[in-house]
Amino acid sequence: MDEAHMLNTCEGYVDWRNRPAVRGRHGGILAASFVLVVEVLENLAFLANASNLVLYLSKFMHFSPSSSANVVTNFMGTAFLLALLGGFLADAFLPTYYIYLISASIESLGLLVLTIQACVTSLKPPPCLSASTSISCEQVDGRKALMLFAGLYLVALGVGGIKGSLPPHGAEQFDENTLQGRKQRSAFFNYYVFCLSCGALIAVTIVVWVEDNKGWQWGFGVSTATILLSIPIFLIGSPVYRTKVPIGSPVTTIFKVLAAAVYKSYKSRDSSNSAIGMDTSRTSYTTETSEGEDRNTKRKEPSQTPTESLEFVNRAVKNKTVNPMLECTAEQVEEVKIVLRIFPIFMSTIMLNCCLAQLSTFSVQQASTMNTDLGSLKVPPASLPVFPVVFIMILAPIYNHIIIPFARKVTKSETGITHLQRIGTGLVLSVVAMAVAALVEMKRKRVAANSGLVNSTKPLPITFLWIALQYLFLGSADLFTLAGMMEFFFTEAPKSMRSLATSLSWASLAMGYYLSSVLVSLINTITSKYRDTPWLFGSNLNKYHLERFYWLMCILSGLNLSHYLFWASRYKYKSMRKSLSQPNN
């Protein structure tokens with residue numbers, strides 16, 4: 001009986017009490033369902049404020065439009081970049097189960113700080129007086145600014161930990177050794193993006209309405225209550241979770257292999273040819289001839305053959321080193337090779353996320369200058385993301401239940417549509433979205449000029465639904481790319497660094513937001529040398545050259561697409577490499 005129990009345990013996984021996880025009792029759809037519900041609440045709490053934060057900073061904290069945009073992009077960029085910290089800790093030290101609980105507590109603390117500041121008038125700068133007075137608006141500073149940024153970056157730290165731990169925690173509930181488990185895991189990532197959208201839908205409609213009509217203290221309060229509610233819901237699923245046991249720092253492995261490769265490459269230059277030949281004959285990899293590669297690979301790593309493009313990494317195991325700290329195994333070398341193969345794909349997604357950054361900054365400010373009436377309903381500008389969110393919520397189930405099964409029948413493959421094809425589709429849509437955004441901005445400014453409202457704060461006689469077009473294209477791009485990235489990084493990464501690899505999806509978002517801030521600052525610096533005022537500077541959006549910025553983004557996105565196609569066309573999936581070396585199984 002005990003022997004049967006041992007055979008039924010999941011190797012490398014434990015339950016919440018640190019006992020071996022048992023198949024049939026731990027993991028599966030039920031366990032992942034708790035993760036999906038928690039993600040709805042977590043994303044609601046985060047996006048309820050992030051989507052409208054640019055207006056809060058400009059109206060109540062008195063930042064200029066460009067400064068508000070930079071604060072928001074830096075805040076969101078930091079939140080997503082800190083997902084790498086959450087992923088690293090989950091792989092190296094603490095299970096994803098505990099990382100989530102700690103991170104949710106930190107985020108709730110940050111939201112509580114922001115709620116208190118929004119409630120207490122003395123903790124905010126004085127309101128702006130009318131334009132007829134000589135007193136201008138005072139931007140938040142001193143201890144008030146410290147409180148604002150302390151709250152924001154506590155939220156960012158909490159969000160980062162959650163983003164780095166929750167998706168891999170859900171994905172680890174499925175058995176990758178079975179076809180059904182792999183299909184369910186793929187469906188999980190699709191529905192994870194669906195749940196992100198569910199939380200976003202509530203955030204950009206109900207909570208944003210509360211913030212605009214009842215006060216920001218209520219908006220922050222709703223977010224605080226929501227993230228606190230997610231903790232007991234997550235804990236309810238504890239008896240059915242299975243959690244991967246951390247097995248040490250993946251970053252240490254990466255740096256050790258690369259350091260060993262550099263060290264041995266340098267040392268080999270000083271070695272005699274005879275000594276090199278003698279050492280190579282007993283090493284795990286040989287790179288002089290393809291025959292040597294095949295022979296040695298079969299001996300040490302029968303499932304993977306080193307590629308010529310990554311020949312340099314093989315040197316980490318080529319010669320015996322006198323430094324035991326640089327001793328590497330063939331398995332570690334192959335893990336690092338996988339990371340190096342997926343890195344160019346990761347880099348290619350940053351530009352798309354730079355485009356997505358515009359949805360929470362300039363696009364919201366554009367909409368705030370337009371007619372936001374929809375019949376008798378006045379739509380808050382920050383609720384514009386409702387268009388891509390609803391589209392994602394409709395498309396995600398269709399994609400999972402109709403498109404993917406059809407693609408599997410046509411291609412006779414397990415995935416139907418590959419991860420890289422999904423990412424590529426998103427990149428194409430981002431190019432289209434930026435072209436549409438530039439054309440819409442040209443139309444908006446033309447209406448402002450023709451109506452004589454360039455210097456007015458009155459709404460322009462043009463409906464905000466024009467802005468919805470760019471939201472629609474970028475929302476579609478987000479659906480294809482985010483789910484594709486998360487599944488691609490999780491599936492392709494070595495098991496020892498899956499949480500960290502999945503966090504690359506969020507790190508790409510972070511770098512996209514940072515790149516947006518850098519581009520805005522760089523464009524303003526360059527254009528200020530040739531014009532009286534830079535393209536993206538001042539408090540009047542009608543005097544911005546936002547259309548030029550969007551055209552520049554369109555061109556950069558096109559170049560990025562070419563860069564992506566170069567690497568994607570040369571990438572071989574891990575499963576493909578295994579099948580080539582093990583054709584009978």
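Yeah, the Cβs are placed from backbone N, Cα and C, and that goes for glycine too.
According to TrEMBL, the transmembrane segment annotation covers 27-48, 68-90, 97-116, 145-166, 187-210, 216-236, 342-362, 382-402, 423-440, 460-483, 504-526, 549-568. Annotation comment: TrEMBL describes 270-309 as region 'Disordered'. The compositional bias 'Low complexity' annotation in TrEMBL covers 280-289. What TrEMBL lists as compositional bias 'Basic and acidic residues' is 292-302.
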- prompt: Among 27-48, 97-116, 382-402, 423-440, 549-568, which stretch has the most Cβ pairs under 8 Å to the transmembrane segment (342-362)?
  reply: 549-568
Non-local residues, at least 6 beyond the ends, that sit with Cβ under 8 Å of the transmembrane segment (504-526): 66, 69-70, 73-74, 76-84, 160, 163-164, 167, 342, 346, 349-358, 361, 482, 485-486, 489, 534-537, 549, 552-553
Statement: Relative to the transmembrane segment (549-568), the stretch among 68-90, 187-210, 216-236, 423-440, 460-483 with the most Cβ pairs under 8 Å is 423-440
Message: How about long-range neighbours of the transmembrane segment (423-440): same chain, 6 or more residues beyond its ends, C-beta under 8 Å?
response: 345, 348-349, 351-352, 355-356, 358, 363, 366, 466-467, 469-470, 473-474, 476-482, 484-485, 488, 547-548, 550-551, 553-554, 557-558, 560-561, 564-565, 568
Message: At a threshold of under 8 Å on Cβ distances, which of 68-90, 97-116, 145-166, 382-402, 460-483 pairs most often with the transmembrane segment (187-210)?
response: 382-402
- prompt: Hey, which of 97-116, 145-166, 216-236, 382-402, 460-483 has the most Cβ-Cβ pairs under 8 Å against the transmembrane segment (68-90)?
  reply: 145-166
Two-stretch contact, the transmembrane segment (97-116) and the transmembrane segment (460-483), at least three Cβ pairs under 8 Å: no
Statement: Here the stretch out of 145-166, 216-236, 460-483 with the most C-beta pairs under 8 Å to the transmembrane segment (382-402) is 460-483
Query: By Cβ distance under 8 Å, which residues at least 6 away from the ends of the transmembrane segment (145-166) in the same chain are close to it?
result: 35, 38-39, 42, 46, 49, 61, 75-76, 78-90, 96, 99-100, 102-114, 117, 123, 227, 499-500, 502-503, 506
